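Visitor: Below you will find the structure I want to go over with you.
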Amino acid sequence: MASSNLIKQLQERGLVAQVTDENALAERLAQGPIALYCGFDPTADSLHLGHLVPLLCLKRFQDAGHKPVALVGGATGLIGDPSFKAAERKLNTSETVNQWVEKIRQQVAPFLSFNCGDNSAIAANNYDWFGSMNVLTFLRDIGKHFSVNQMINKEAVKQRLNRDDQGISFTEFSYNLLQGYDFACLNERYGVALQIGGSDQWGNITSGIDLTRRLHQNQVFGLTVPLITKSDGTKFGKTEGGAVWLDAAKTSPYKFYQFWINTADADVYRFLKFFTFMSLEEINQLEEEDKSSGKAPRAQGVLAELVTRLVHGEEGLIAAQRITRSLFAGNVTELTANDLSQLAQDGMPGIELKIGQDLQQALVNAELAPSRGQARKLIEAKSVSINGSLQTDAEYTFGEDDRLFGQYTLLRRGKKNYSLISWQS
């Protein structure tokens, strides 16, 4: 992705919501590599899908020869960003935030190259400059450059001020100053000339641009990526179980893969532009092939494969595909102990049973049958399988051989209704 037309290419992919002084930024990029940054506040112990677009934008810029700075907000994470939030955030302890900072740094690192010469990525933490700053320095050197009149007119703050049930504390009101100073500080330390972020960060970004100009007399820029929406109007990046996380311990690679497999046809080609590095030509060609094939589209499989590999690596992708293939075929022989652990984590409904349980009661407990009588009928009708093998004995009681890796049993009614039994010793 050549620097001279990078902004244009991002726009063609639908990745630009707003940009400050677009012509001047394009001119600056055409002159040669710049340093840019994106901030990630540790408000949880993992990033989620909402963070992926700006994170991948950092990578797109690095691939084009620019120097990315990934800023984790060890200080701002202690405060909480009020932007477009309906209520005050819960303040977390410094110990918790420090742990989350480290986890998020580890999550960001694989997406960027930290050893590639002049445009090697930099990992930064804003606690490094705020941790030792006293309140008088903050008020004199930063606060004096901010107009309260302008701050309360920012859309992100105005929404909170206009709510009768929720005001805004001075703590959260001050967040705008902290993020603004981040930009000025990174400009001074690393020559950072561009901040990218989600569209909800526009007010914070423009504050940083203004403060950098006042403190250092430097022209810097801001670019926001759009809030990702689904064509049906529902929230992107959410499932019935909540947010889709990048941490495999919070959202398993299998569940992550399935999230993308289930993308609607109306969204999938747009998401390929947002979340993959396929060229627009390749995406358009895939769309044309899908439309003319008369078969189920390939695009969801391509999207799931590329994004799962990006986030969970080749091993995570292979496991997710193996689990998907095994469940579709009803054959569990390929599944590993880790695969079953993923299913127990969040991959399918599950129950815990004590050893010695009979099949009829297990079907009732797993909500695969409404009663023991109905369970008996299902078994006798050859509709029930255990670990992929049909079971027709209505009086069957589970034995040791049914416990895969000594721990799990896969129960199935019909072709698609599964439950995973985890055995209690």
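The backbone N, Cα and C atoms fix where each Cβ goes, and this holds for glycine too.
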Visitor: Looking at the ranges 42-51, 162-171, 282-291, 292-301, which is given as motif ''HIGH' region' in Swiss-Prot?
Guide: 42-51
Visitor: If Swiss-Prot is the reference, give me the range from 210-214, 215-219, 235-239 marked as motif ''KMSKS' region'.
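Guide: Going through 210-214, 215-219, 235-239 one by one, Swiss-Prot gives motif ''KMSKS' region' for 235-239.
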Visitor: Can you tell me which parts of the same chain pack against the motif ''HIGH' region' (42-51), counting only residues 6+ beyond its ends and a CB-CB cutoff under 8 A?
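Guide: Sequence-distant neighbours of the motif ''HIGH' region' (42-51): 72-74, 77, 80, 89, 92, 97, 99-101, 103-104, 107-108, 198, 228, 236-237, 243-247, 250.
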Visitor: Rounded to a whole number, how many Å is the Cα of K238 (ATP binding site) away from the Cα of Y175 (L-tyrosine binding site)?
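Guide: One finds 27 Å between the Cα atoms of these residues.
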Visitor: Using a Cβ-Cβ cut-off under 8 angstroms and a sequence gap of six or more, which residues of the chain neighbour Y175 (L-tyrosine binding site)?
Guide: T76, I79, G80, D81, P82, S83, N204
Visitor: Can you break down the motif ''HIGH' region' (42-51) into helix, strand and coil residue counts using DSSP?
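Guide: Split into helix, strand and coil, the motif ''HIGH' region' (42-51) gives 3 helix, 1 strand, 6 coil.
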